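Straight from Swiss-Prot, the features:
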type     : residues : note
TRANSMEM : 20-40    : transmembrane segment
TOPO_DOM : 41-45    : topological domain 'Vacuolar'
TRANSMEM : 46-66    : transmembrane segment
INTRAMEM : 74-94    : intramembrane segment
TRANSMEM : 113-133  : transmembrane segment
TOPO_DOM : 134-171  : topological domain 'Vacuolar'
TRANSMEM : 172-192  : transmembrane segment
TRANSMEM : 215-235  : transmembrane segment
TOPO_DOM : 236-250  : topological domain 'Vacuolar'
TRANSMEM : 251-267  : transmembrane segment
TRANSMEM : 274-291  : transmembrane segment
TOPO_DOM : 292-301  : topological domain 'Vacuolar'
TRANSMEM : 302-322  : transmembrane segment
TRANSMEM : 343-363  : transmembrane segment
TOPO_DOM : 364-380  : topological domain 'Vacuolar'
CARBOHYD : ASN374   : N-linked glycosylation site
TRANSMEM : 381-401  : transmembrane segment
TRANSMEM : 416-436  : transmembrane segment
TOPO_DOM : 437-529  : topological domain 'Vacuolar'
Amino acid sequence: MSIGLTEFVTNKLAAEHPQVIPISVFIAILCLCLVIGHLLEENRWVNESITAILVGAASGTVILLISKGKSSHILVFDEELFFIYLLPPIIFNAGFQVKKKKFFHNFLTIMSFGVIGVFISTVIISFGTWWLFPKLGFKGLSARDYLAIGTIFSSTDTVCTLQILHQDETPLLYSLVFGEGVVNDATSVVLFNAVQKIQFESLTGWTALQVFGNFLYLFSTSTLLGIGVGLITSFVLKTLYFGRHSTTRELAIMVLMAYLSYMLAELFSLSGILTVFFCGVLMSHYASYNVTESSRITSRHVFAMLSFIAETFIFLYVGTDALDFTKWKTSSLSFGGTLGVSGVITALVLLGRAAFVFPLSVLTNFMNRHTERNESITFKHQVIIWWAGLMRGAVSIALAFKQFTYSGVTLDPVNAAMVTNTTIVVLFTTLVFGFLTKPLVNYLLPQDASHNTGNRGKRTEPGSPKEDATLPLLSFDESASTNFNRAKDSISLLMEQPVYTIHRYWRKFDDTYMRPIFGGPRRENQPEC
């Protein structure tokens, strides 16, 4: 009697609220994943993303058995869900929590890895798949598909490595891996969108320039939009001072304006990732000093919590999607063909990553040879940077679904094959490379070496000229010759130490003009960030 009543209530609830049961189940599994991840915190081989994937795969297996092989999914994947609801908190938190001093000290290196590196990787993967796929009997992809594949598999997921590295012990390495991860994702999505605008029916010699032009337009306008929203938020919080009456309001303003920046970028067909990242950086630099101490602490925990839940949610879905038999049956490839295509993609990912990490690292060391900062990228660091970018994650999955499915569903055998191969590559790189990350980092950077590296990273810059950061760039109270000599010395310094010089003059401009308007303590009172 009780069983019949329970079944009746369950069926009635499912009929009236069809999303209640799957959402409840997924949230319960999400909680289970958090508990298991906590228990495995000290495990040498497993990290949070691997835990989420394994729990997702186990959940998918149970659902597959309960549904008698019909489905392994709790929820149906929708790339709009990913791009609109899950990705913004992850990217914003990355910008909000970034150690700005190290990030901008290494800005040129990070941008070279995250932008130039993506272009190099995309070219290698696109042409490699175009050449090798037909040799494996996998045909039917268009030129747009091959270019999209290059951008899809150029997007990295550095979460596994960042969970192992410590930014206080290896500040340079952590800054490069973290910064490149964010810029890489943004560049991959921007380049993916630029590829979609190519008119392949009328290709000319200007097509490559058009793609590059579209990329520059999206990159620059998205960045400016994020900076603009961040500055507006900071100005509003400083001027109105919501904390006088309600700390809840000022926290709500920060959350809503951050999300608004992303939605505005999507509305204007820009890159929401870049916009919300730089909005987070600007809010952290200015807005967080215009709120009460309690709101400042709460905001950091809230943004970190939302990011953590979104990341876990995504990896859980990747685990359940691996058992989607519908796509496996629809795929045009046999089991051996699938392994061959996945192997080719993985090999090209390894090659494409190595093709820019090591040469650009050598170039960076050469350009910084006069800085006397003792922060050259050693060969061991280069290996870790290369390894950190081998794992593929949520952005690759979302872009693959966007390119090869319609609302997560495809009946085309070639498209289904690409979705399944993307899932395989993401699972393989995350699980296998993720399992090996901790032993590799511990081998290359023993604990005593890590501490020494950290101490080097905390040293001051002995060769850097000392100058009062509060002095104006030019003074009308001094003679023309004094100003001229100062400008000449500054130009010489710019040629020898470009990054340091730009950073020093930015600090002057920031203290003199920006902070009085948008908030934040004076430089001498600001803790290192």
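Just so you know, glycine gets a Cβ as well, placed from its N, Cα and C.
With a threshold of 8 Å between CB atoms, the same-chain residues lying at least 6 positions outside the transmembrane segment (381-401) that come near it are 49, 77, 79, 82-83, 86-87, 113, 148, 151-153, 155-162, 165, 172-173, 176-177, 180-181, 184-185, 188-189, 192, 311, 314-315, 318, 321, 349-350, 353-354, 357-358, 361, 408, 418-419, 422-423, 425-426, 429-430, 433-434, 437, 440-441, 444-445.
Contact between the transmembrane segment (302-322) and the transmembrane segment (416-436) is supported: at least 3 Cβ pairs lie under 8 Å, counting only residues 6 or more apart in sequence.
At the 8 Å Cβ cutoff, the transmembrane segment (343-363) and the transmembrane segment (416-436) share at least 3 close pairs (sequence separation 6 or more) and count as touching. Tertiary proximity for the topological domain 'Vacuolar' (236-250) is limited to same-chain residues at least six positions away from its ends with a CB under 8 Å from its CB atoms, namely 286-287, 290-292, 294-295, 298, 517-519. According to DSSP, the secondary structure content of the topological domain 'Vacuolar' (134-171) in residues is 18 helix, 0 strand, 20 coil. In the predicted model, residues of the topological domain 'Vacuolar' (41-45) average a pLDDT of 69. Under the criterion of 3 or more C-beta pairs below 8 Å, with sequence separation of 6 or more, the transmembrane segment (416-436) and the transmembrane segment (113-133) do not qualify as touching, having fewer than 3 such pairs. Listed by sequence, the residues of this chain that lie at least six past the ends of the topological domain 'Vacuolar' (292-301) yet keep a Cβ under 8 A from its Cβ atoms are 96-97, 243, 247, 250-251, 254-255. Residue counts for the topological domain 'Vacuolar' (292-301) under DSSP, split into helix (H, G, I), strand (E, B) and coil, are 9 helix, 0 strand, 1 coil.
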